[in-house]
Amino acid sequence: MRSSCTWKVAEVVSCCRFLNKSFGYQVIMFRCAFLILFLALGNELHLSHGTEVSVNNTENKLCLYANLMVNFSVTYEVGVNKNETVIFVLPENVTTEGSTCDNTTSTLKLSFGHGHSWTVEFTKKNKTYQVDTIVFSYNLNDSSVFPNSTSKETKFVTVKSIITNVSVDTYYSCKSENVLTVESVIQTLYDVALQAFVINGSKSDTDTVCSADMTSTTVAPTTTVTSTAAPTSTPTLPTPTTGKYSIAPDVNSTACLMATFGLQIGYKQGDKEETINLVPNITEVGGACGANSSDLILTSDTITIMFTFSNDGKKFHLHALKVTVKPATGDPVIAVNNNMSIWAAAVGSSYMCNKEQTLNVTDTLTLYTFELRVQPFEVNKGEFATAVECFMDSDLSFLVPIAVGVALSFLIILVLISYLIGRRKSRTGYQSV
């Protein structure tokens, strides 16, 4: 008989919580912890290998190269008012049929499994090239990936990439995570090496590094005799103050939207990376509540940010963000993302994440939230309803790093035992001679 708990890490956590609350047995939690350890080890070992492909042109010369890692998180329906989320990776074994190379446009299509594909569209202009769109298609009829799916169709999600201004005859390199969110699909790219429009059939040894890697790594400057002043680094800002924000239909009504969080914004101005905190006591609150859409607008002297929440009658999520930052010097920095699907929870409940979250709005602006809790619909008596916690806040999230550590220790012990056995056999052989 098949268990009602599908064995994926996120769902194992939920299943463990249910069993613990129902029975209260310590042995259940121990077995759940061991199962999470096993799954985490499996994930770590699987994720340690990237997907590497090469595409040749009609002259049988290399024209496209990719070596990268992609994680997928897909939420799909399994029944009435019931969804499940699966997490899987772009496998090592893919096919490149449908990939094409041209002088100004190229397509990298990676097909895998039963009817799934991941497609990257490149364009070139003058001396640079970029990724225009990434299209991910997934077949809900594949029961090995989407068990119990009520839909049997193949779905497509398209997202605009932040991979731009890559110099021709260089490859794009980015070790940092790049999270792309559209509707119910989250794609996480990391350890990326991509080169389109390869010249003379040979991959370049020179890379164009993404801005996220440049800001997270400090390189010691070489000693030269110049009159250029030494670069200055932006001081690290303290954790932002947690603000409490709410909207009411009128002065005589209770809140219809509530939110609390600390907010920090990182943005790119020219070649500089800047950060700024939203200060609650000098921030004005505005917005509106609707049946299917609600807006929260926060305005200060230097920051204007609009959160747009949507709901489908069952669940709500953050659908869009528009952020404007007015630096002391230079032009305003404006970032808009209308294809988000985060902070999701059932209508009538709230979403909570006390740990720091990072939201990449665009390639030039990132939000960092702290001690977050939001409820944009069906607020009763001006109080938050029961919260849906993010996984980072869960009481079992600590098991993942422990699982990895224990697994690595176990592997080291196995290696030592193998070495000792081999050495003992060798010594026995010498004595018999």
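Glycine residues also receive a Cβ, built from the backbone N, Cα and C atoms like all the rest.
What TrEMBL says about a protein is an automatic prediction, not a curated fact.
Annotation source TrEMBL lists domain 'Lysosome-associated membrane glycoprotein 2-like luminal' at 55-199 (among others).
Residues or ranges marked as disulfide bond by TrEMBL: Cys174-Cys210 (among others). Cβ contacts within 10 Å of Cys174 (disulfide bond), excluding its own Cβ and spanning all protein chains shown: 23.
Sequence annotations record features per position, and here TrEMBL assigns domain 'Lysosome-associated membrane glycoprotein 2-like luminal' to 240-379 (among others).
Look at TrEMBL and you will find Cys353-Cys390 (among others) tagged as disulfide bond.
The annotation transmembrane segment is assigned in TrEMBL to 398-421.
Annotated domain 'Lysosome-associated membrane glycoprotein 2-like transmembrane' per TrEMBL: 400-431, in sequence order.
Taking the Cβ of Cys210 (disulfide bond) as centre and 10 Å as the limit, one finds 21 other Cβ atoms among all the protein chains shown. Of all the disulfide-bonded residues listed (Cys353, Cys390), Cys390 has the fewest other CB atoms within 10 A of its CB. Cα of Cys210 (disulfide bond) to Cα of Cys390 (disulfide bond): a span of 28 Å. Across the structure, Cys353 (disulfide bond) and Cys174 (disulfide bond) are spaced 27 Å apart at their Cα atoms.
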